[in-house]
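The following features are taken from TrEMBL:
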TRANSMEM  25-43  transmembrane segment
TRANSMEM  49-67  transmembrane segment
TRANSMEM  79-103  transmembrane segment
TRANSMEM  179-200  transmembrane segment
TRANSMEM  207-228  transmembrane segment
TRANSMEM  310-329  transmembrane segment
TRANSMEM  335-352  transmembrane segment
TRANSMEM  359-392  transmembrane segment
TRANSMEM  404-423  transmembrane segment
TRANSMEM  481-499  transmembrane segment
TRANSMEM  558-580  transmembrane segment
TRANSMEM  592-612  transmembrane segment
Amino acid sequence: MEPSISRSVVRWATARQRWTQETHLLGVAIALFGSIVFVDITVVDVGLLRPVIVVPVLSLVPGYLSLRLLQIDPRETTIAFLYSLGLSLCLLMGYGVVLNTFLPAVGIDPVFREGILLVMILAGLGVLLWAHTTRNDSRTVVLESIIEGVWHPWPLGLLCVPFAAILGARLVTRFGNNSLILIVLTGLGFIAIAAYLGYLPERFFPLAIWVIAVSLLLHNSVLTHVLAWDAPKELRLATLVVENGVWDASIGGKWMKNAMLRIVLLHPIYSVLADLSLLWEFKTVSPILFSFAPVAFYKSYQAVVDRRDAFIAALLPMSFFSFFTVLSWNSRTNGALLFLSLVAVTIVDRNLTRSKRRLLTFCFLGGLVVSHYGTAYIVLAAVGLVLVGNWILFGPTQTNRYAHTSTLVVLVFGLIVFLWYVFIVYRAGAFARVVSFSYGFFTDLWRDFYGQSAVVSAQDSTTTKYVVTQYTSDTIRWLKSLNIALGAFAGISIGALGLRRFVERLRRGVLAAADNGSGDQLRVRVEYLLYSAAFLGVFGGTFVGVDKLNTARTLMPALLFFAPFLVLTIRNGLTLVARYVDRDDIRRMGRIAALGFVLAYFVLNVGLYGSVTNEYHPNILIDKGEVIEDGNLAQKKYFWSMYYDTIYDIRASEFLDSGDRGGEAYHHYSSQQVISGMYNCTDISREPIVRQGSCDSRPARPVDQMNKIYASAGSDIYYNRSSSFMR
């Protein structure tokens, strides 16, 4: 980049110094937000400019103003950004509840409409800005350093990658060509290599992690026309709020999803104000918000390892296929994990006072609770184990005085979880579920440990079933080995460090957790270790046949916490070997070995190897064209499970439902039937397991009896020529 161009941009941006005042910039952002929405509603369609302005302002400005009002001043820009994001989402959900409760009471109904939301959000932002200017002195924002930091080849190049990922995904969907998406996925691996080997400056690490995360999430979320997994249920609830203009907690009876504000309030607010359809709000805004969770965990990893090791550790959970498949669409779970990542930052942030740390923790735990009840219960179990660990290592007195996870924090968190899902869910429907789950949980534990066989079978445990199942795909077989290895490696470091702290506790009495430099550093490291051990322990419970406590629910939170300990085990293991054989070159190989392990995990999960070798892999959607044409039965079953109710199903249903075209004259074949060749299939797994099922070798009906028009889920329509109507 030419220095003269950079200097010209800086001079232009800083020519009027009064616009470098913090309050002025915030005021301009709020005014721009209000004016762009108003103009789009009343004057002219501004297109994508509206969401480009609305989403960042909604996601950051309320939280930043709250940080300043609370006198919380993070030393790092990245942490200030993360706290602002988390507080903004909490405020939007809380403010949404207030509006939904009180506006109908004064005759303003419906609530979730463009004009009403615009006025109320502007009023809320105006109050926050007024309180900020009254309470705080305005700061001077150094625009020159910000612009010079961005006006650099690395950030400019990195910011192009997510757009290439989106373009690559659309090329797959539109033309069936996955060349660009494979290039992008390969490029993400090279970004990790450049960072770990020191070619990427460390000040750009947070940006690089976010780019990798958002590229992985968006490349999958925009690969289809519709939603999959549980996301259609979330979409249906959010749609009810937008259509009715109000959130009714009694809708759905005792369905707990209707009490998740991440679904019923955040989606409608972003959709209405940004003028995005709910479908594309799910596909774009939701994964973009979640993409900051790995950045938050990267910051928390630095309590355990250095920045380069923290970077490669952050790549590990992003490489896990569940991150960019299920979590790119499932907004309630990714929302809960985003708040969990912010809790992890508060654990290791030593610049916060005790009162401010607790305040942020309660806010983020509250956001977690109203995002997903399942994750909330898992986290509640984990923090309970952390509290016990703190009592053992620090003693009850020092735990309550200095530790982040004290008795008060656990009790308040448990109370929030219990009260919200008992009293908000229609007729306390969650209480019965909690009681039945608790009974089933302890019954399963008792039966598996003290029953007649005292052995967990593969039928009882999804994790055990995964371990013992034989697969026909090399990718899946190798991933199974790597998954077992990463859990074992992380467990080695966690166990060794935990044992070391326990021995210190026995020798010295309780560990010192005083609120000073060395004591606070010890507390942070020990407490992060305890969180990693607790989540690993909760995941270990999936080897026992406990209903609802399965691999999918527990592995991702555990992986997000214990990732740095995998890197520690590999590096420290080779260091010990180097000392034993007296060869320093082996010690230097530790960093390369850790990088190689994580990259191998990445390549297999994202489908780079499987796509080239034309075999089954977790990211099979990038090969959906080949799957439909030439895929095996497992690939087709997996594809359909991800892609059910396609846009063609919707169009076919609309065609058959329009006018007098249904009933006896026509028949609709679903995507599953068409993808499998319109033949009946039995015992087909969506995984490439040994002893796969089979499909009939002929159509489901004799051809001479196919006297209806068969509207398929694809571009072809099957019909019998003797029919009186053909289309």
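Placement of Cβ uses the backbone N, Cα and C atoms for every residue, glycine included.
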Tertiary contacts of the transmembrane segment (49-67), as residues 6+ beyond its ends and Cβ separation under 8 Å: 26, 29-30, 32-33, 36-37, 40, 73-74, 80-81, 83-92, 121, 124-125, 128-129, 131-132, 269-270, 273-276, 285, 288-289
Cβ-Cβ under 8 Å with the transmembrane segment (310-329): same-chain residues at least 6 beyond its ends: 192, 195-196, 205, 208-209, 212-213, 216-221, 227-229, 231, 282-283, 286-287, 290, 294-295, 297-299, 301-302, 304, 337, 486, 552, 555-556, 559-560, 563-564, 566-567, 594-595, 598, 601-602, 605-606, 618-619, 621, 642
Range from 79-103, 207-228, 335-352, 404-423, 481-499 with most C-beta pairs under 8 A to the transmembrane segment (359-392): 404-423
Of 25-43, 179-200, 558-580, whichever stretch has the most CB pairs under 8 A to the transmembrane segment (481-499): 558-580
Contact call for the transmembrane segment (335-352) and the transmembrane segment (179-200): at least 3 Cβ pairs under 8 Å, seq gap 6+: no
Long-range Cβ neighbours of the transmembrane segment (79-103) (under 8 Å; 6 or more residues past either end): 58-64, 66-67, 72-73, 109, 111, 116-117, 120-121, 124, 246-247, 261-262, 265-266, 269, 289, 292, 295-296, 299, 335, 338-339, 341-342, 345, 349, 360, 363-364, 366-367, 370
Contacting positions for the transmembrane segment (25-43) when only residues 6+ beyond its ends and CB under 8 Å are counted: 19, 49-50, 53-54, 57-58, 61, 64-65, 114-115, 118, 122, 125-126, 129, 132, 141, 273, 275
Tertiary contacts of the transmembrane segment (207-228), as residues 6+ beyond its ends and Cβ separation under 8 Å: 155, 158-159, 161-162, 164-166, 168-170, 172-173, 181, 184-185, 188, 191-192, 195, 200, 234-235, 279, 282-284, 286-288, 290-295, 298, 311, 314-315, 318, 323-325, 327-329, 606, 619, 621-622, 624, 641-647, 650
